[in-house]
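Peer 1: Following this message is one structure expressed as structure tokens.
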2 protein chains.
Amino acid sequence: MSHNKPLILITNDDGLIAKGISELVKFVRPLGEIVVVAPDAPRSGSGCSLTVTQPVHFKMIRKDVGLTVYRCSGSPVDCVKLARHAILDRDPDLVLSGINHGDNSGVNVHYSGTMGAVIEACVNRIPAIGFSLCDHDQGADFEPMGKYVRELTKMVLLNGLPDYTCLNVNFPKVEEIKGLKVCQQARGSWSNEWEPCPRSFDENYYWMSGSFVPLKKGHEKSDNWALANGYGAITPTLVDMTDYKFAKELDSLVAGLLMEDEE
Amino acid sequence: MSHNKPLILITNDDGLIAKGISELVKFVRPLGEIVVVAPDAPRSGSGCSLTVTQPVHFKMIRKDVGLTVYRCSGSPVDCVKLARHAILDRDPDLVLSGINHGDNSGVNVHYSGTMGAVIEACVNRIPAIGFSLCDHDQGADFEPMGKYVRELTKMVLLNGLPDYTCLNVNFPKVEEIKGLKVCQQARGSWSNEWEPCPRSFDENYYWMSGSFVPLKKGHEKSDNWALANGYGAITPTLVDMTDYKFAKELDSLVAGLLMEDEE
């Protein structure tokens, strides 16, 4: 096997059976040697979670020229960790995750298993992109985003990404995408997040639900705005979450605490 | 019930039964009206994960003056979401999470269920602090950090925190803490993350394991360094993960793509 072709690791959070991951493989297959390590069942909303209370298992289920596929019993982050430490003989040149059936823009980056895998790669300084389509349907049409997925993948293979920065790329559910916008993570929050599902003698059961309400301020630069207006939204995403700006003010506050302590 | 006392919501990821959450309640109980909503079992490594494939249940298990306790079948993030939308009659003034049995400094912020709850509060602009002790032992001694936990909680109740910034506070396992340092999220990554646990006829089973290897560069300012040197590490943490600095460069790269497209 030649090492000249880029090694591309692909995973997702909807599970191996989802249409989105097959479409992603199809779009980027000409660009490198593809290894898929993906969850054996849906793992939506798994964020950066790890499996710690039971062993994680993987199994090769397909091996073709240029494409090897493994299913894994763990989370998307587990898939990346297992691929790197127990499956691949070298680090991938690129990690791709998705294509997610559903929007991962704005604060969803925190809850998203798709982005969990991307963050895991990025923490280990492997360039990584998460792709999502704002359509939860199992049969969603990924075709309109195909050329953008391919071009962005080529761009990152060619130029890399800064250490500790990854890309969160979301596409609107439209027949024709207007183009790409580099965006900011939308500010806002979820409302109506719980749907009661009471049972006899106990009403305290709830299904996760809800809708995202973006803040108005700075809205036009946000990924949420781009999607609502027909653009693909590329949000460059830092895995170093340190608030360097607030650090100085916090320093004085904390110093104050210590002085009181000594009195 | 008076609304003049601050309403403090407390959760964790080690579950209601863990010593750390009892200790946290003990340390801060004089500072407000305390409501605990915590997982009914350990949820370590759950990050910002959500429970989406089954209903989430909660139950009140204790009601004293100034302290009400609920157990919840969901993740730490679910606990905060349920508390806000189905349990409390107003938003808490502060969310505290922990005290975690184990280190949540550096990149662990992404995997940590303790910090997941904190991030959930912060996204909703509620001041929030995660507390952790670098000691996995069930009977760990939290006493040395008690006064710091109390002082930092008072500080945040008094001054608040910037919107979309929360605190990740970790303490070393020492008898006497040297003081507090405002830190940066340590750069580095985990190695030896999997421990094989083969079974008959199938060797592809692994336990999550590993140790954190910090990068040398910038090490003295990192939370990891502070902990290794006997200090409590306060890492101000942003939930807006946008890489504003890289956005401009990315803009030109992406504009290039589009021009090629039009040729």
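The count begins at 1 with the first shown residue.
Each residue, glycine too, has its Cβ placed from N, Cα and C.
Annotations in TrEMBL come from automatic prediction, not curation.
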Peer 1: What does TrEMBL list, out of A:S44, A:S49, A:S189, as binding the same divalent metal cation as A:D13, A:D14, A:N100?
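Peer 2: The one candidate that TrEMBL places in that divalent metal cation site: A:S44.
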Peer 1: Using a Cβ-Cβ cut-off below 8 Å, which of the binding-site residues A:D13, A:D14, A:S44, A:N100 are near chain B?
Peer 2: A:S44
Peer 1: Validating a neighbour-count step here. Other CB atoms within 10 A of the CB of A:S44 (divalent metal cation binding site): how many?
Peer 2: 23
Peer 1: Other residues near the divalent metal cation site, CB within 8 A of the CB centroid of A:D13, A:D14, A:S44, A:N100?
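Peer 2: So the extra residues in range turn out to be A:N12, A:G15, A:A18, A:G20, A:P42, A:R43, A:P76, A:G98, A:H101, A:G102, A:S112, A:G113, A:T114.
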Peer 1: With every protein chain in view, how many other Cβ atoms are within 10 Å of the Cβ of A:D13 (divalent metal cation binding site)?
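Peer 2: Counting Cβ neighbours of A:D13 (divalent metal cation binding site) within 10 Å gives 33.
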Peer 1: Return the residues near A:N100 (divalent metal cation binding site) by Cβ distance under 8 Å, restricted to its own chain and a separation of at least 6 in sequence.
Peer 2: A:N12, A:D13, A:D14, A:G20, A:S112, A:T114, A:G130, A:F131, A:S132, A:L133
